[in-house]
Each structure stands twice: as structure tokens, then as C-alpha cells.
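Listed features, source TrEMBL:
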- 103, 105, 107, 147: Ca(2+) binding site (BINDING)
């Protein structure tokens, strides 16, 4: 399966309006009758166009789509839709929250912690670490250091750029 995604910065306001309504209908029905259409929208539109669509949704319905989906997360489709939209809107903020939740749980969520640090290490981990510090007033390296140990700790701290 593949799809073409336009990556330019042009926005079609009429399309944003139409697709905001399609997403609204899918969320409102709670049954996901428009699942295929919502998936098509999310997979074929540029990030710029999607943000315009999400902004149009907020303007039309008085609430952001991600906040609306928080009330609707009863099924897997809406949970996945919520995560996808959060990542599209601000992926760094999403990853910061994943790290925060992985660390603050009783017993560290090592899968979540590893997934974010390993996949973002060469891309935007520095910005995610800065966002983590702004949000939590503690450096990510220090928070991680308190929660894990051994070779795993050395590995993760190395990826985070912590020098011994």
C-alpha cells in the first residue's frame, strides 16, 4: 500500500473546510463510519494542509480535534486518530509527553523510553530534551538516570549525549 503525499506549503482553504467536516462527522458518530475517508485525508495531505484542516475544525466547532478526541477514545480507531493528529500538530511535544509518561510511571516504561530515544536520536532529540526541561524543570538525562540502571542506563545516557 502506498499513497502520494504533497509536501508543499500551499493550502486549499475550501478543502480544509470540507475535510474538517468529514473528520467532525467521523468523531461525532463515534462509530468511525468515515474511517477510510479520514485515513485518506491523514495519509495524502501535506502537514501544512492538515494543520489548516485542524485549525478550521477548531474554528468551526469551538474545540480542537485532539481535545474532542480525548472524550471519544473509546475505540481503537479514535485512539489512533488522536495520536496521529497530536504527532502531526507537534511531534516534539508528543514525544516529550511519551518520555514524561514513561519515566513517571511506577516502574519505568522501558519500551516507550527506548523507542523515543532511539528513533529520535539523530533527528530532533535535542529539541525534545529542551522541551522536556521547559516542561518539567529537570534535565531528561537526570530524570532517566534516576529511573534506570546498568548497561541499559549507559546506553540510553550515551544516546542522550550525557558525558561521564
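Glycine residues also receive a Cβ, built from the backbone N, Cα and C atoms like all the rest.
For residue 105 (Ca(2+) binding site), no same-chain residue that is 6 or more apart in sequence has a Cβ closer than 8 Å to its Cβ. In sequence order, 109, 113, 143, 144, 147 constitute the residues six or more apart from residue 103 (Ca(2+) binding site) in its chain with CB-CB distances below 8 Å. Ranking the binding-site residues 107, 147 by C-beta neighbours within 10 Å puts 147 at the top. Shown in sequence order, 102, 104, 106, 108, 109, 113 are the same-chain residues outside 103, 105, 107, 147 whose Cβ sits within 8 Å of the Cβ centre of the Ca(2+) site.
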